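Student: Here it is, the structure, as structure tokens.
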Amino acid sequence: MYLVAGDRGLAGCGHLLVSLLGLLLLLARSGTRALVCLPCDESKCEEPRNCPGSIVQGVCGCCYTCASQRNESCGGTFGIYGTCDRGLRCVIRPPLNGDSLTEYEAGVCEDENWTDDQLLGFKPCNENLIAGCNIINGKCECNTIRTCSNPFEFPSQDMCLSALKRIEEEKPDCSKARCEVQFSPRCPEDSVLIEGYAPPGECCPLPSRCVCNPAGCLRKVCQPGNLNILVSKASGKPGECCDLYECKPVFGVDCRTVECPPVQQTACPPDSYETQVRLTADGCCTLPTRCECLSGLCGFPVCEVGSTPRIVSRGDGTPGKCCDVFECVNDTKPACVFNNVEYYDGDMFRMDNCRFCRCQGGVAICFTAQCGEINCERYYVPEGECCPVCEDPVYPFNNPAGCYANGLILAHGDRWREDDCTFCQCVNGERHCVATVCGQTCTNPVKVPGECCPVCEEPTIITVDPPACGELSNCTLTGKDCINGFKRDHNGCRTCQCINTEELCSERKQGCTLNCPFGFLTDAQNCEICECRPRPKKCRPIICDKYCPLGLLKNKHGCDICRCKKCPELSCSKICPLGFQQDSHGCLICKCREASASAGPPILSGTCLTVDGHHHKNEESWHDGCRECYCLNGREMCALITCPVPACGNPTIHPGQCCPSCADDFVVQKPELSTPSICHAPGGEYFVEGETWNIDSCTQCTCHSGRVLCETEVCPPLLCQNPSRTQDSCCPQCTDQPFRPSLSRNNSVPNYCKNDEGDIFLAAESWKPDVCTSCICIDSVISCFSESCPSVSCERPVLRKGQCCPYCIEDTIPKKVVCHFSGKAYADEERWDLDSCTHCYCLQGQTLCSTVSCPPLPCVEPINVEGSCCPMCPEMYVPEPTNIPIEKTNHRGEVDLEVPLWPTPSENDIVHLPRDMGHLQVDYRDNRLHPSEDSSLDSIASVVVPIIICLSIIIAFLFINQKKQWIPLLCWYRTPTKPSSLNNQLVSVDCKKGTRVQVDSSQRMLRIAEPDARFSGFYSMQKQNHLQADNFYQTV
């Protein structure tokens, strides 16, 4: 029994020992799967050196190690054998005996052979140790970090300290600055907070912002048999800074459980081939194949004699259209017909002065000549030419000798063409020649025989994506150091090198064909330009004792004469089609003459705060992503862009876009800049560098670097659904009852709102999150209203910065036209005189002139009066009133000052008549004659003499005006106290009709007479500014 009992006890102990041994083995096995990591101490980490690729974190996520390269080991438990570099994958092959994969096998790094859709533009990032410094809170903070891109502004501490010293010297006075309170946003895990700081030269800090932190992007560590697959690409915005990966199994999947999608058989065209079959990531299914063009297939056909190849369709390099398709046709060339003249294939002909055509396959392909910019005050377009040329100022005709050119003798003022590009003018016996200025807007201009300026056979508007130029880092040069600008690389980006004078001037004379015996003229930068220097003047020394502050006058040869200048020399580079304005002394000033200038808003000064919330210094230029902008005296001036009007009722401007679009409209509308010119305003006017004007009552524009930049009024938020804009308002207004907020008295509700970006708004505060939306904070809830855009009738509506809806600028700008006559430009409705007999008028671009015809005179010996067109009889001539002393020389050669007998009367002046008119003394007051109180005339003389004089005057006028209407004497009885006159000529009024005034001239001019309520039977003279007022169409 005991034995049995003892056997049973031993058996129980044996079972217990076996159980304990199995538990220990299980713990031992499980211990091999555990990963024990000590607390991270980066000071004990060794920096990996000479890594052939990038670096990755170790298994414990503390220290860095070199990433495994192609054909190196990887995988294992927790990736203990290594992690493959970017662009490689860890491939673990199944065992040869058919067993399933475990997590202990080691893999090999191989290339990733995924499709483009699976990779999503996956690119490796080579992280390196980068050292540098940044200015933070007025101090230089330096550090050394491992990153992909350089986050430092200065590469060394010395450069940072020198920049900090320069900033301290230019630091503004911030004692009175008022800065807005900036709230710091809460950043996602993949980004870091950049605290707002005050830029150099500014007092207020910029808002704090979140920026992506590449070091915070971690890739998942997948178990063996799985691979990191890129699912979505990072967008660069906080919250989307990192690429998103998922772990997917690799070749360890049982394909029997995988259902593959059907793959259609690809049939490729004859000009292409089918690519090889590829497998999916799990190795179970095949991917669709695609067609690619065959290499070396395209060629030029060889046609038989008598036929030539002609292209049928152009190839674009895609399967089915890999090559151009030709056909052989007969040699009979189709012709182009223009003005009943046939032109064959390849022939060029001229449609008008500026358009040339080439006949191609029976179709006329026309192009426009390319004219360049001219920098002169006076210019003209030669007859039969397109591009203007500069013209010398008009000199008085002093030399009767002409110019000898091309075997002909030409007179003063004559112009002729020397060659294709040179035009000359005869000025006082000397030939002055200038060259045509040509422009170039295409890469391959074509020279037309017999023409100066080339033409572009490709479209004249070339759309080129601007190069993505980064900031000019590690460069201590400033704009003051490089007065001629910075050099640019092949991508058009600035480099840290200045343009010297030789490089700047080399382009000024490029293509110049003038042969100038006395050299070339120079511009403001002392660079030679394509214009000849005139013959040097040989002047004799003069002796002049006059003191002339403004210098002496010059004769036609450019030599000084002993006469003083009354006006200073005009040094101005502006191009003014209407000429320059004059000051009170009649001297020209550097300001263009305008027909009418509307008063604009006052010009501010200082820095600009843009609509986007950025600060810019005065005269600073920048590009806001959509348009070119410029800071002018505190105003943000931006170029107008052309945008289509959205069709929906609640448009918005999406991030990264420039034009308003609808929510479901995914087509990015690229804005077009308004047609660039040499500051050619939308209204048709020309402006020069630095000039400002108003295109309407709401928009002020300026000319900067050859582009029209405009600023507009910033509009407040609109708290209604359907705002509208009237012609007399600059901003849209709420036509219906606007939303009026009422403050809540519920203390349990917070008195602020918070949007999705973390911005905080107070109760009843309104704002515009974008230019098309207005919001308001009520009871901690944000309510928003969208603006809808009305339809427009123009082809190219423009969009001002800061506004939502495009509009037609043609509706607000009156079209102004200019008349060109004798080399001068005149504004619309402007008048001028060619001489005393010919008067001209500009009407809508047409020049209309009228000539006065002189009537026969009853006298035998008429006289010519200076300033008058027609001669007149001596008894009709009455000298005009004057009180200017006249110089007369007596018989001894002395100069006497003599005042005329008819002084200009002023108030309370007494006029003494000559002796031959009797002893009549009158007092001139209130513009009327009054008998003097101390007159000694007797009663008979005071009555008879005036009657005789009046009857003589009346008989003389009735005889002269016998063809005119008789003047009823009763009409003169109602003449007002102020006499009516026109151009110092006698005015006769028809009292019965009251609407026509006849001037004593052979060409009678019609005037409109309107009743004046102050005087009974009197009509005031109202000058009308149109052709019917001056009778340019007919004479009576």
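Glycine residues also receive a Cβ, built from the backbone N, Cα and C atoms like all the rest.
Checked Swiss-Prot, it gives:
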- Cys37-Cys60: disulfide bond (DISULFID)
- Cys40-Cys62: disulfide bond (DISULFID)
- Cys45-Cys63: disulfide bond (DISULFID)
- Cys51-Cys66: disulfide bond (DISULFID)
- Cys74-Cys90: disulfide bond (DISULFID)
- Cys84-Cys109: disulfide bond (DISULFID)
- 35-112: domain 'IGFBP N-terminal' (DOMAIN)
- 567-592: domain 'Antistasin-like 4' (DOMAIN)
- 677-735: domain 'VWFC 4' (DOMAIN)
- Thr1035: phosphothreonine (MOD_RES)
Student: Starting from each candidate's C-beta and looking 10 angstroms out, tell me which of the disulfide-bonded residues Cys37, Cys109 has the most other C-beta atoms.
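Tutor: Most Cβ neighbours within 10 Å: Cys109.
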Student: Measuring Cα to Cα, how many Å separate Cys109 (disulfide bond) from Cys90 (disulfide bond)?
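Tutor: That separation, Cα to Cα, works out to 5 Å.
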Student: Within the domain 'IGFBP N-terminal' (35-112), how many residues are helix, strand or coil going by DSSP?
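Tutor: When I sort the residues of the domain 'IGFBP N-terminal' (35-112) into the three classes, I find 6 helix, 21 strand, 51 coil.
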Student: Give the residue from the disulfide-bonded residues Cys40, Cys45, Cys60, Cys90 that has the most other Cβ atoms within 10 Å of its Cβ, counting over every protein chain displayed.
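Tutor: Per the Cβ count, the most surrounded site is Cys90.
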Student: What are the helix, strand and coil residue counts for the domain 'Antistasin-like 4' (567-592) according to DSSP?
Tutor: 0 helix, 8 strand, 18 coil
Student: Could you state the CA-to-CA distance between Cys40 (disulfide bond) and Cys90 (disulfide bond) to the nearest Å?
Tutor: 27
Student: Considering only the disulfide-bonded residues Cys37, Cys45, Cys74, Cys84, Cys90, which residue has the minimal Cα-Cα separation from Cys66 (disulfide bond)?
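Tutor: Considering only the listed disulfide-bonded residues, the nearest one is Cys84.
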Student: Enumerate same-chain residues with a sequence separation of six or more from Cys84 (disulfide bond) and a Cβ-Cβ distance below 8 A; give 'none' if the list is empty.
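Tutor: Non-local contacts for Cys84 (disulfide bond): Ala67, Ser68, Gln69, Glu72, Cys74, Cys90, Cys109.
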Student: Just to be sure I understand: of Cys37, Cys60, Cys62, which disulfide-bonded residues have a C-alpha no more than 10 angstroms from the C-alpha of Cys45 (disulfide bond)?
Tutor: Cys62
Student: C-alpha of Cys60 (disulfide bond) to C-alpha of Cys51 (disulfide bond): distance in Å?
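Tutor: Distance between the two Cα atoms comes out at 20 Å.
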Student: Using C-alpha positions only, work out which of the disulfide-bonded residues Cys37, Cys62, Cys63 is nearest to Cys51 (disulfide bond).
Tutor: Cys63
Student: I'm trying to understand the geometry here, so how far is the Cα atom of Cys62 (disulfide bond) from the Cα atom of Cys37 (disulfide bond), in Å to the nearest whole number?
Tutor: 9
Student: I'm checking region-level scores; what's the whole-number mean pLDDT for the domain 'Antistasin-like 4' (567-592)?
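Tutor: When the pLDDT values over the domain 'Antistasin-like 4' (567-592) are averaged, the result is 75.
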